[in-house]
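Colleague: Next up is a structure, given as structure tokens.
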Amino acid sequence: MNPDLAQERRRATFDPEQVTSLLYRGPENVRKRRYLQNAAIQDQVLRGSKPWAFQSRIEQYETALQMYIYMMNKLDEMGVTDPLERMYYQEAGAPHYYNPMALHTGMFIPSIEKQGTKEQKERWLPMARSLQLIGTYAQTEMGHGTFIRGLETTATYDPSSQEFVLNSPTVTSMKFWPGGLGKTSNCCLVMAQLITHGKKRGIHLFFVQIRDLKTHRHMPGVESGDIGPKFGFNSNDNGYLKLSNVRIPRENMLMRYSKVLEDGTYVPPTNQRIGYGTMVFVRAHIVTNSARGLSKACVIAIRYSAVRRQTEVSPGGPEAQIIDYQTQQYKLFPLLATAYAMYFTGRYAEDYYEQIASEIEAGNLESLNQLHAVCAGLKAFSTWACTAGIETCRLCCGGHGYSHASGIPKLYTYYTPGCTYEGENNVMMLQVARFLMKIYPDIKRGGPIHEFVQYLGADLTQKSCMTEEVALGCLLKAFQHRAARLLSDAAARIENLVRSGKSRQEAWDASTVALTWAAKAYCHTFVVRTFSQIVSDAAVDKSTKDVLTALCKLYAIDGIIENLGEFIEDGFFSPHQVSFLKNKLADLLAEIRPNAVALVDAFDYPDKTLDSCLGRYDGQVYPALYEYAKNSPFNEQEVLDSYHKFIKPAQTEQSQRAPMARL
Ligand SMILES: CCCCCCCCCC/C=C\CCCCC/C=C/C(=O)SCCNC(=O)CCNC(=O)[C@H](O)C(C)(C)COP(=O)(O)OP(=O)(O)OC[C@H]1O[C@@H](n2cnc3c(N)ncnc32)[C@H](O)[C@@H]1OP(=O)(O)O
Ligand SMILES: Cc1cc2nc3c(=O)[nH]c(=O)nc-3n(C[C@H](O)[C@H](O)[C@H](O)COP(=O)(O)OP(=O)(O)OC[C@H]3O[C@@H](n4cnc5c(N)ncnc54)[C@H](O)[C@@H]3O)c2cc1C
């Protein structure tokens, strides 16, 4: 054990186990999580042969497939059915590979469960669970990802044969990007424009078999393939798909909420957007997923910062641990606080999703819009925080952060597409703004509105209650004030533009930056509120609560300092109050410092899950880096063939022109 890390753990003032329990919803869940992680770590088959970064793309794909199929069988043998528990096992078993079947379990099966009729579920789910059917969610096209009403793929109903005929009429209508579509899947859910009786009925989901279930060759009229190497996700065969007069039976349209009868009569759903449900489900889960990404980067960067020493503090004296530099703390501790904030908010989003989804199942769609706004906003807010935070963690590791040995570049390329997939983040923020503007008249009137948004109608002339003590309640009020004011500003801007003669749509289009500011401020407030509520309700001892409260305050104060203009432009905070906040920020960095390592230990990631030479629990960073380097295929031969092919002839040629000087 590295002595600095051992010392860090000794000096912690709280019990990390209590925090681990709080993060993973109780000691029983922690026990199960550890059991599954250990089972995966000890499994010889999952040990792997060489580091993923030294493998070709095809090798990465094959290793990922082999491991995931092995793990699915193991999980079935162990009787583990809960998706979260399965994820814990897989995360520890194959952390470096993006599963080519992720869309099968993450979107294909859930879409059938949520959008299929009873008969469709009975028909497809058993085959999907036993991998006879391997599916994906094929929505995005080369020409359209965001504007899904503009999708071009058509599904035209033919009443004479009671079939839909699917077509990709243009190059841009080709499905493009779906995970596992290229080579792995034999079927998919295709989002297509439904046409019955010659009329367009909007986009709907259709089950389409794309490959023969025995030979895996393409079905007639189907062309598909891999889209090529990407920034990350290279063990996944994100694919393209072109459909030419592909016929599927009427029963293959997912008909839980809308129907096409035998004669082609269209029965619409109660709400057209109910068919977007799988996206809402995944967005709700992306929040915790972002917390996972950012927390892993924090574990790596904070442990490494405790081990790494750089620069003599006094001449001839010992070099300081880099974690002792205030600037390093300022970069890392707010991110640590953010990771906690996102874990707690993710938990909230998942619970809220389950609550509203069951109301929807029971036929009550009243909260659908609000659920959409919350999930879209938190998905965007959390993925932005995660991506930017991972990059800061990488920079905090200096040169070694740039190596795949650190594990951080992999985290970055794995998590950054979260800002784009499941709804590009700016577009998602505009959906939040649309929701807020829609209820704005009710907010102003003081009409009946959800508690999430009540504060948005507060008196904007009020000033901050902040004192030198910096209470959490005052911090939350500051966020609420900023969100209310930015919303009011955006609304006023739109009204002014309308008064000046613009149409409402033109006024909206000319205000999307202001609307995005308002939506982000709303999401930020949501996170601060959730974090502070969970901390104040947490059943933990006083020392643990103190540490969590410090983290929560740091999250809030850092959010204010980073967006200071928005908090002071209307004079809400006085300059005096801003200086309280700046002083408190510095105090909190010092207060968190002795607990930083214990706070990252509390995330409870086994080394294998982190896959990082820098983030090892034992802190043996330097021998691990050396071992990793030795594994490079470059080092398999003392002299590479390329020396004889290129360097030697070049040297010979050069030396003939200018004879070599004696060394
Ligand atoms: C327990 C563990 C379980 C684990 C399982 C889950 C695993 C998840 C873990 C996650 C981790 C990693 C995931 C990796 C996988 C990545 C794979 C990626 C997949 C994809 O990317 S799939 C494709 C995703 N595509 C999109 O997201 C498209 C984005 N575009 C849209 O959503 C829409 O086009 C739009 C919202 C931008 C606009 O839609 P449109 O129909 O044009 O609507 P508007 O005119 O703007 O608004 C009209 C009204 O509709 C309301 N609305 C819009 N969307 C919804 C919705 N989804 N639900 C409800 N209501 C909606 C909108 O509010 C308007 O209402 P109003 O008229 O104002 O009342
Ligand atoms: C790794 C990865 C995996 C994916 N997996 C799948 C999958 O399994 N299945 C699937 O169907 N899709 C998948 N996708 C596709 C993904 O869902 C889309 O890329 C995403 O929805 C964004 O759409 P787009 O690419 O058309 O971006 P665009 O909409 O073209 O965005 C480009 C820019 O235009 C801006 N913009 C676009 N529209 C607006 C607007 N209305 N207002 C303001 N700004 C706007 C955006 O903010 C962005 O800056 C995946 C993508 C990636 C990267």
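Glycine residues also receive a Cβ, built from the backbone N, Cα and C atoms like all the rest.
On a predicted model such as this, the values are computed, not experimentally measured, just so you know.
As annotated by TrEMBL, active site, proton acceptor applies to Glu422. Sequence annotations record features per position, and here TrEMBL assigns FAD binding site to Thr140, Gly179. The feature domain 'Acyl-coenzyme A oxidase N-terminal' is assigned by TrEMBL to 15-134. For 276-437, the entry in TrEMBL reads domain 'Acyl-CoA oxidase C-alpha1'. For 474-650, the entry in TrEMBL reads domain 'Acyl-CoA oxidase C-terminal'.
A description of the local structural setting of each listed feature is requested, covering burial, neighbours and distances.
Modeller: Of all Cβ atoms in the shown protein chains, 23 besides its own fall within 10 Å of the Cβ of Glu422 (active site, proton acceptor).
Cβ neighbour count for Thr140 (FAD binding site) (all protein chains, 10 Å cutoff from its Cβ): 18.
Across all of the domain 'Acyl-CoA oxidase C-alpha1' (276-437), the predicted model scores a mean pLDDT of 97.
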Colleague: Taking only the Cα atoms, work out how far Gly179 (FAD binding site) lies from Glu422 (active site, proton acceptor), in Å, as a whole number.
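Modeller: Gly179 (FAD binding site) and Glu422 (active site, proton acceptor) have their Cα atoms 12 Å apart.
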Colleague: If I take the alpha carbons of Thr140 (FAD binding site) and Glu422 (active site, proton acceptor), what is the distance between them in whole Å?
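Modeller: One finds 10 Å between the Cα atoms of these residues.
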Colleague: What is the three-state DSSP composition of the domain 'Acyl-coenzyme A oxidase N-terminal' (15-134), stated as helix, strand and coil residue counts?
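Modeller: For that range the per-state counts are 90 helix, 0 strand, 30 coil.
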Colleague: Looking only at Cβ atoms, how many others are within 10 Å of the one on Gly179 (FAD binding site)?
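Modeller: The answer is 26 other Cβ atoms.
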Colleague: For Gly179 (FAD binding site), which of the three DSSP-derived states applies: helix, strand, or coil?
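Modeller: DSSP assigns Gly179 (FAD binding site) to coil.
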